[in-house]
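Below is one structure, written out as structure tokens; the observations come after it.
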Amino acid sequence: MQETEIQPQIEAGRLNDTVQSAKSLRCRRVVDIAFQNIEYQVVDQKGHKRDILRNLHGYCPGGEVTAILGASGAGKTSLLNILAARVYSSKTVKLKGKVLANQMEYDSETFSNFAAYVMQNDVLFETLTPREALQFVADLKYTDPELKQSRVEDTIKTMKLERCQNAIIGGPSLKGISGGERKRTSIGFELVTNPSCILLDEPTSGLDSFTAFQIIYELQLLAHEQDRTIIFTIHQPSSDIYLLFDRVMLLVQGKFIYQGHRTKLVGYFKGIGFPCPDHSNPMDYMMSIMHQESQINIDNFPIYFDQYEKQLHPQVLEEIKESSKTELVYKQVETSTAFQINLIAKRAIKGFVRDKMIIKQRVGMAIFMGLLLGYSYYGIGEDSGTFADYTSMSGCMFFLCINLTMSSLFPVVLQFATERDVFLREENSKLYTTFSYFMGKSFVEIPFCLISPIMQELILYWMIGLNSKDGGVVVTHIFIAILTCLNGNSMGLMAGCAFNDIKVATSIVPLILLPLIIFSGFFANSKQFFVWIGWIQYISPVKYSFEALATNEFDGRSYEFGDPIDTLGFEVGQWESVGILIAFVVAIRFGAYMFLNILRSKQQ
Ligand SMILES: Nc1ncnc2c1ncn2[C@@H]1O[C@H](COP(=O)(O)OP(=O)(O)OP(=O)(O)O)[C@@H](O)[C@H]1O
């Protein structure tokens, strides 16, 4: 199909519903993006080097839509990630060259001052509505209440989110808005901060053709009406989507074979001997001559490269030279740490309230375990001082420690896994600091570490007949149970931050826990361990929980065989163990915070 035939179709049909250019979202300054001498090389596990991008120069002007296309593996996403300043040289990756905004070099820190990156997967906080998600960004980015509101309203209008603005976004486990609405929310999430430049990785993937068209159309309006620089990668666009591009970059084996205005593309390829058949989508034709499955294509690659070098490369160099030199002076609004923590905690609470499964799961688990343990050890507290009574009671105390640790550990690992990408995206967009996120999240976890053990222990305490010689013993038992839960919760948070993959986390955590449990002083007496391995007991929070809980329980009980505390080989003391448990909570949480920082720096 010829371009002239498609154009009226778009104008007449789908574009009636024009997106208004909202006042508060007018772009602050036009930004021309350029890159020079980009060389990107990866080293595989055997040490073999592979060139992914080879000496690329490019230009993406402000106020225009630039589409990056190529066969799978051509290097589109790599190039986009480099433009978003998300690639760093490391042992396995070598990156050379410069990325420029209005002729000034930028890095990941300065990128977020004028630009935004929308990832292929829509990483959004599932339990919020689109409006709340946008409000969250506005609250963190602006201080003036009126401006906040107008940014949210204008973004909703621009991204056509009116109909779904109050519906839950949802995710794999929570039904929510449609794929197209999620994508619009994702773009809107970045748009609230009013970036001059928006980079998007495959914004149409997984969408039907009409929704895909609408998304690109809205992006085109953002470029044309609001002077933003729009750059995205895209696979096999339809002919009407193709007509929305201003500029096209075609990549083959990490090198450009075309770069320039969309309107000149067909003519250029005709000129070098590759005419697009009449009535064909030019992009379908381009994809057919770019893929590497055909030997004819591979034989033609040198022609494309050669012609590009001769005809287009000099033009691109000229365009880079002529690109805008207007200075980028953007000042980021920075909200206080306390404000960020408050907002993050409030959002997490909203998440818990809306995703009732989490609350039901944790409360249900506390009631279930309270009853199960209560009936399993029913009445063993009224013992007659026999050795059998002692073994039942010490077993009960030990099992309580394990149960309190595990039941607070695994839910956090699983929950953090679902939230990790949201944190990384938001931190990357410089919405808040890692510290604020960590503290906000920690505050929200604390009520669970109080309510669950209190409920569980109150259910089982008198069923089992645990030590109730005075109120202080009962309170101490519950206090130690809370500390045990806090330790489990902290370990869960640390595991969630330390392991990238949820499957790895859930398989490694039991391996780490096992020695901590074996050396906790129940399965083997701590006095009998070999020195070379016995040190493990000192890094086991379970050991200190067990010692504190068992000492509290055996206080005032007498047994026919002697002192149960001596028999168990306890040496630390009850309150000293409590002190060490508190120190463990602080140390493990600090460790989790460090891992979160490492995770963040690795993802940059
Ligand atoms: N950090 C890395 N380590 C190893 N290989 C990498 C790395 N980054 C990119 N690659 C490789 O570089 C090639 C290009 O990857 P890239 O994701 O940029 O391609 P693409 O054109 O976006 O492909 P697709 O359309 O399939 O997403 C791929 O073969 C990929 O495996």
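Each residue, glycine too, has its Cβ placed from N, Cα and C.
Taken from TrEMBL as is:
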{"type": "DOMAIN", "residues": "33-278", "note": "domain 'ABC transporter'"}
{"type": "TRANSMEM", "residues": "363-380", "note": "transmembrane segment"}
{"type": "TRANSMEM", "residues": "392-414", "note": "transmembrane segment"}
{"type": "TRANSMEM", "residues": "435-455", "note": "transmembrane segment"}
{"type": "TRANSMEM", "residues": "475-497", "note": "transmembrane segment"}
{"type": "TRANSMEM", "residues": "504-524", "note": "transmembrane segment"}
{"type": "TRANSMEM", "residues": "578-599", "note": "transmembrane segment"}
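Distant neighbours of the transmembrane segment (578-599): 420, 423-424, 434-435, 437-438, 442, 479-480, 483-484, 486-487, 490-491, 493-494, 496-498, 500, 541, 544-545, 548, 572; these residues of the same chain sit at least 6 beyond its ends, with a Cβ under 8 Å from one of its Cβ atoms. Comparison of 392-414, 435-455, 475-497, 504-524 by number of C-beta pairs under 8 angstroms to the transmembrane segment (363-380) places 392-414 first.
Contact count against the transmembrane segment (392-414) (Cβ pairs under 8 Å) is highest for 475-497, out of 435-455, 475-497, 504-524.
Same-chain residues lying 6+ beyond the ends of the transmembrane segment (475-497) with a Cβ under 8 Å from its Cβ atoms: 400-401, 404-413, 415-417, 420, 441-442, 445-446, 448-450, 452-454, 456-458, 461, 466-467, 505, 508-509, 512-513, 541, 545, 548-549, 552-553, 578, 581-582, 584-585, 588-589, 591-593, 595-596, 598-599.
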